[in-house]
Structures are given as C-alpha cells and as structure tokens.
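Some notes on the structure that comes next.
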Amino acid sequence: MTKNTADNSNGNPNNKDVARPSIARRGLLYIVSSPSGAGKTTLARRVLAADDNIEMSVSVTTRQPRPGETDGVDYHFVDHATFEGMKERGELLEWARVFDNFYGTPHAPVENAIRQGKDVLFDIDWQGAQQLSGKMPGDVVRVFVLPPSGDVLEGRLKSRAQDPADVVAKRMAAASSEISHWPEYDYVIVNSEIEQSTAAALAILSAERLKRARLLGLSDFVRKLQSAL
Ligand SMILES: Nc1ncnc2c1ncn2[C@@H]1O[C@H](COP(=O)(O)OP(=O)(O)OP(=O)(O)O)[C@@H](O)[C@H]1O
Ligand SMILES: Nc1nc2c(ncn2[C@@H]2O[C@H](COP(=O)(O)O)[C@@H](O)[C@H]2O)c(=O)[nH]1
C-alpha cells in the first residue's frame, strides 16, 4: 500500500515544523459498521467534513435510492445484472447481501485513493468488515457504532422517515444479530451525542495514523536521527 509523505521543514532548521517531521506511512481502511439506524452514515459524513486526508468508498447497491440520495455520491445504484457482472469480473473488493439487497465495494477507487496517499472510509456491514479484515489485516481499523438503547434506535429509523414501516421493522428485527458482531471490531462508539461520537471517531483516526507499524519511514528517520547525534 502506498504512503503519505510531506516534508514540513522545507530544509529550514528554523522552521517550527521541524519539530514534527512527517514520516511516510501506510494508508488505512477505516471501517464503520452498526445496526441500521445507529448513525454510522451521519458519523461518516462528519469525519469526512473534518478531515481532508480521508475519502469515502462509494459502494454499489441493488437497493432503490432513498429520497435525497444521489447516484455516484451516496451509492452507485445498479441493477442485479450489473452487480453480478462486477462480481464476476472481480471488480468488488468485498460484497454482501444485506436486507434483501446486494452491496459491494468497488476495488479500483480504493486502490486509487490509497495510491494518492489517502485513507479510505467504509460504511459497510459486518460481512464486509470480515472480508476486508481477511484481505488486508494490517490496514483495517474497525469501529462499531451502537445506539444508546433499542428505543432510540427505533426512533432514529422512524424519524429518518426514508423507509416504509415494513423495512423499519425488518431492520429492527435484524439489529440484535448485527450487534452480536461487536467483538470483531477494534473500537466501539455508543452514539448518544453526535458531537461526542464524532470527536471519538476522529481521535481513533488520529491515533491509528500514529501506529508504529504504519510508519514506513520510521526506521530511516530514526537511523538519520541517531547518526546525527
Ligand atoms: N447521535 C445522534 N443523535 C440523534 N440523531 C442521530 C444521531 N446519529 C444519527 N442520528 C439520526 O438517526 C438517523 C439514522 O442515522 P444514519 O442514517 O446515519 O444511520 P445508519 O447507521 O447509517 O443507518 P443505515 O445502516 O440504515 O444506513 C438519521 O435521521 C440521523 O440524523
Ligand atoms: N458489506 C457491505 N455492506 C454495505 C456496503 N454498503 C453499505 N453496506 C451496509 O448495508 C446496510 C444497509 O445500508 P442502507 O444504505 O441500505 O441503509 C448498512 O449496514 C451498510 O453499512 C458495502 O459495500 N458492503
């Protein structure tokens, strides 16, 4: 996986950025999952708005667009035959059937983003998280979002007012089974106040970017540092 590089010092020892040299690092795959309605899309949007070095993976789906959803922005809305074709040609990094529809992550945009040194944010379910974890175990950061209570979850699904009652009922019925996957994640955020949840999601991102294993340029940096001592 490619790396992020930026020399903050401009070779000038008086530049205060010298105190925080940028070290080449591996891009990361930031996965957010939750039972439907817990708030992961809301959270993902806020992370994207707050941080320029992470971009969204736009999934393909056979689901019908909701009011206000835009093709190519929220999802690539495709028919079943198109989805099957993408699967067969190996164009999907992962895919799953969720609530009677198919969803998948196009491979190419993820590769392009990573090549440009960007991190990638995924709003995908536990099946997708398992597949990405199997393929790129060192690169994934997995966050599971929980609602503060079942009543709040139902209230959020209803107040979103974008799904018919039978769809809301189906999603509520699946919530417990989806929540059972929480131990497969690195972090859990209980999404009560969105401001606090956003701060937690951004803190996780900052800390994960600093992980020693992701800092490809660290050995070189330390060698140079030592030789200058
Ligand atoms: N912390 C919060 N407090 C109050 N309302 C919230 C909070 N987080 C999200 N919501 C609201 O709850 C509803 C569901 O949120 P969202 O669509 O982000 O859920 P989701 O987990 O992405 O659901 P899905 O899996 O179905 O796409 C939205 O109307 C959103 O504005
Ligand atoms: N495994 C994948 N799951 C995905 C993908 N894109 C979305 N999802 C998950 O589907 C459900 C339902 O989403 P909705 O937009 O219809 O409410 C939700 O849990 C998403 O996280 C994907 O590419 N792969």
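Backbone N, Cα and C atoms are what each Cβ position is placed from, and that goes for glycine too.
Quick caveat, the model's predicted, so the values are computed rather than measured.
Feature annotations, reproduced from TrEMBL:
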type	residues	note
DOMAIN	27-206	domain 'Guanylate kinase-like'
BINDING	SER34, PRO35, SER36, GLY37, ALA38, GLY39, LYS40, THR41	ATP binding site
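Sequence features annotated in TrEMBL and their locations in the structure.
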residue: SER34; record: ATP binding site; CB count, 10 Å: 27
residue: PRO35; record: ATP binding site; CB count, 10 Å: 25
residue: SER36; record: ATP binding site; CB count, 10 Å: 22
residue: GLY37; record: ATP binding site; CB count, 10 Å: 22
residue: ALA38; record: ATP binding site; CB count, 10 Å: 27
residue: GLY39; record: ATP binding site; CB count, 10 Å: 22
residue: LYS40; record: ATP binding site; CB count, 10 Å: 25
residue: THR41; record: ATP binding site; CB count, 10 Å: 16
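Checking the binding-site residues PRO35, ALA38, GLY39, LYS40 against ligand 1, the ones whose Cβ sits under 6 Å from it are ALA38, GLY39, LYS40.
Under the DSSP three-state reduction, PRO35 (ATP binding site) is assigned to coil, being neither helix nor strand. Sequence-ordered, the extra residues of this chain that approach the ATP site, with Cβ no more than 8 Å from the Cβ center of SER34, PRO35, SER36, GLY37, ALA38, GLY39, LYS40, THR41, are VAL145, PRO147, LEU153, ARG156, ASN191.
Over the domain 'Guanylate kinase-like' (27-206), the average per-residue pLDDT in this prediction is 95.
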